[in-house]
Amino acid sequence: MEKYLLLLLLGIFLRVGFLQALTCVSCGRLNSSGICETAETSCEATNNRKCALRLLYKDGKFQYGFQGCLGTCFNYTKTNNNMVKEHKCCDHQNLCNKP
């Protein structure tokens, strides 16, 4: 009986571990030096949300960016003349949206 109870408890603890929210870095504006200008905090990506990192480059140089939790997030890179917008989404580990 104790063996079954131990297995049940182990299963519950493992399941709870998988249900924990994903912690992401949150910054409304990263400057060209990669420093957060709007007080870096964290956010919890729950309900299929992901950590997001958006970066803007001009003439190959990083200009500014955004970090946070988003419900709709797609990985893509868009190039327009000398500007490159890069959007990265992740959910594989906590704080995965650090540049």
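From the backbone N, Cα and C atoms, a Cβ is placed for every residue, glycine too.
On a predicted model such as this, the values are computed, not experimentally measured, just so you know.
Feature annotations, courtesy of Swiss-Prot:
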type: DISULFID; residues: CYS24-CYS51; note: disulfide bond
type: DISULFID; residues: CYS27-CYS36; note: disulfide bond
type: DISULFID; residues: CYS43-CYS69; note: disulfide bond
type: DISULFID; residues: CYS73-CYS89; note: disulfide bond
type: DISULFID; residues: CYS90-CYS96; note: disulfide bond
type: DOMAIN; residues: 22-99; note: domain 'UPAR/Ly6'
type: CARBOHYD; residues: ASN31; note: N-linked glycosylation site
type: CARBOHYD; residues: ASN75; note: N-linked glycosylation site
type: SIGNAL; residues: 1-21; note: signal peptide
Can you tell me whether DSSP puts CYS51 (disulfide bond) in helix, strand or coil?
strand
The domain 'UPAR/Ly6' (22-99), counted residue by residue under DSSP: helix, strand, coil
0 helix, 47 strand, 31 coil
Are there any residues in the same chain, six or more apart in sequence, whose C-beta is under 8 angstroms from the C-beta of CYS24 (disulfide bond), and if so which?
SER42, CYS43, GLU44, ALA45, LYS50, CYS51, ALA52, GLN67, GLY68, CYS69, ASN94, LEU95, CYS96, ASN97
Excluding near sequence neighbours, so keeping only residues 6 or more apart in the same chain, what lies with its CB under 8 A of ASN31 (N-linked glycosylation site)?
GLU37, TYR64
Whole-number Å only: compute the distance from the Cα of CYS73 (disulfide bond) to the Cα of CYS27 (disulfide bond).
16
Restricting the comparison to the recorded positions CYS27, CYS36, ASN75, which residue's C-alpha is spatially nearest the C-alpha of CYS90 (disulfide bond)?
ASN75
One of the recorded positions CYS27, CYS36, ASN75 has its Cα closest to the Cα of CYS89 (disulfide bond), namely ASN75
For ASN75 (N-linked glycosylation site), the same-chain residues 6+ apart in sequence with C-beta under 8 angstroms from its C-beta are HIS87, LYS88, CYS89
When you measure from the Cβ of CYS36 (disulfide bond), which residues in the chain that are at least 6 apart have a Cβ under 8 Å away?
CYS27, GLY28, ARG29, LEU30, GLN67
